[in-house]
Amino acid sequence: MSFTEEETKLGKSLFEACSFTERPIAKDSHLETVRQVMRKNIPATITTSDLGLFTDEEEATKKKEIIQGDITIDGTTPLHVICSSFPSDATAEELEVALEMMRELFQWGAGWMLLDEQGQTPGCVAWDRSKAEARDSVLASVYNEIVSAGTRSEVFLRRINKSENVEFLSDDDDEEMDVDDDEEDESRDGEETGDIQQAIADAIKQAKEAGLEVVVDGETVEEVPELVGDKEDEKNNESAAQNEVDLAGSQMDYLKDKLTYTDDNKTLITTQNDGVMMDWEDEIMQKSADLLVSRADKESDGPVVLNVGFGLGIIDTYLQSKKPSKHYICEAHPDVLEKMEKDGWMDKPGVTVLVGRWQDTLPGLLSQGVYFDGMYYDTFSENYSDLVDFFDHVVGLLAPTGVFSFFNGLGADRQVCYDVYKNVVEVDLQEYGLNVEYQVIKVNKDVTGADGHVWDGIKRRYWVVEDFYLPVCTF
């Protein structure tokens, strides 16, 4: 991005105002500077590198090193500078001016998730500084402003993505575009449907070979479904498998992947060393199990519970200790099902194993009139949109006095993302008539620390935040 001499001068004045080198921080100086610069069409995402403001060789070196990694560096923006420079001894009046400066930048397109040369978002910078101060300090207010903006942004983007055909076409283009789009959608849908069907067929085949009963839509499957295919398809599939995919983001590829339980049964990993589940989650699972039975009728024969995603079986083991009258477990991966069979889960009294994806197995429960005192969701390779789709089933299957929860790892690799999605979940649950509160569970420092040994051999740390927010969702 290049700027004229006049634009560069304006950009530098913006960064100077956001650095708060002059006190007091006032509307007629600091805030007015931001407003004037924005009105001159200087982007709110302008960076120090755009203006050649690197102060030393070390900063430039760090940027080069990070760019060579697996994240995209944007640069130090005015928001970063506000978060790093706002004085901790600021008055209430100065704080309000700084917050207005941030709001002004957000109105002009400033990004809450842009990364500086150290790979930090503005929220990361503010959080690190506020940790050293009291949580109710002025620095915490700066951090909370970032979280509020991030929440608004994510909710807005979700609404846009849910909208259909957000395009403006001329009458001449409309018909042609519709035809092209339909053909492209049919092709894409066909590919995705084929992948899903193949993954389901593979899972059913392995489950049947292991002697398991397979139930889909409430009916027992006697034969493995046959799919149309030929040797050329198999050859193409083998070739595609050689290209590494993101197993954490692709359910079809995940269901085809070989999973491994470590010898000590403390970790379940993919062939890419993704941590599907790890035993550091034990305390979280214990308290989640306690939660799931907390609202059950004490005069009944025992709670009726559902867990989606078996993993290491931690939460299901705790649930068994609660003496449930009915205990449903939904699991789709053939390697996990094999482990469950080996460990005797298929023969436990009151346990019903739903073999397959929850999208395929839970609808059958709706027609059977099953209601749960507690429902838990903890899947791998699914996205937030899948969790929101699961809310539909919660509404239909949760007893009026029941409680729903899930493994809340949304954005847990950054505190600011974790806090933003904590709020986003609340907004989405409200649309389904569900209320949510959070119980805070402290996570062991061996997990959150920079040198956490529990991550040895794991491809990517999926948890860095200090507190786990356990969702308590009720009608």
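Here, residue 1 is simply the first one shown, and the rest follow in order.
Just so it is clear, glycine is given a Cβ too, placed from its N, Cα and C backbone atoms.
The model shown is predicted, which means the values in this text are computed figures rather than measured ones.
The S-adenosyl-L-methionine binding site feature in Swiss-Prot is assigned to Tyr254, Met285, Phe310, Gly311, Leu312, Gly313, Ile314, Ile315, Glu331, Ala332, His333, Trp358, Gln359, Asp378; the stated evidence is sequence analysis. If you look up Swiss-Prot, you'll see 169-194 marked as compositional bias 'Acidic residues'. Annotation comment: Swiss-Prot describes 247-475 as domain 'RMT2'. The region 'Disordered' annotation in Swiss-Prot covers 167-194.
This view paints the features noted in Swiss-Prot onto the structure.
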{"residue": "Tyr254", "record": "S-adenosyl-L-methionine binding site", "DSSP class": "helix"}
{"residue": "Phe310", "record": "S-adenosyl-L-methionine binding site", "DSSP class": "coil"}
{"residue": "Glu331", "record": "S-adenosyl-L-methionine binding site", "DSSP class": "strand"}
{"residue": "Gln359", "record": "S-adenosyl-L-methionine binding site", "DSSP class": "helix"}
Pairwise CA distances across Tyr254, Met285, Phe310, Gly311, Leu312, Gly313, Ile314, Ile315, Glu331, Ala332, His333, Trp358, Gln359, Asp378 (listed as binding S-adenosyl-L-methionine) top out, in Å, at 23
List, in sequence order, the same-chain residues at least six positions removed whose CB sits under 8 Å from that of Gln359 (S-adenosyl-L-methionine binding site)? Asp389
Just how many other Cβ atoms lie inside 10 Å of the Cβ on Ile314 (S-adenosyl-L-methionine binding site)? 22
Is it possible to get the count of other C-beta atoms within 10 angstroms of the C-beta of His333 (S-adenosyl-L-methionine binding site)? 27
As a test of the contact definition, list every same-chain residue at least 6 positions from Leu312 (S-adenosyl-L-methionine binding site) whose Cβ is closer than 8 Å to its Cβ. Tyr261, Asn265, Lys266, Thr267, Leu268, Met277, Met278, Asp279
Looking at Cβ-Cβ distances, which residues of the chain lie under 8 angstroms from Tyr254 (S-adenosyl-L-methionine binding site) while being 6 or more apart from it? Leu247, Ala248, Thr270, His333, Phe380, Ser381
Average model confidence [pLDDT] within the domain 'RMT2' (247-475): 96
Top of the binding-site residues Phe310, Glu331 by count of other CB atoms within 10 A is Glu331
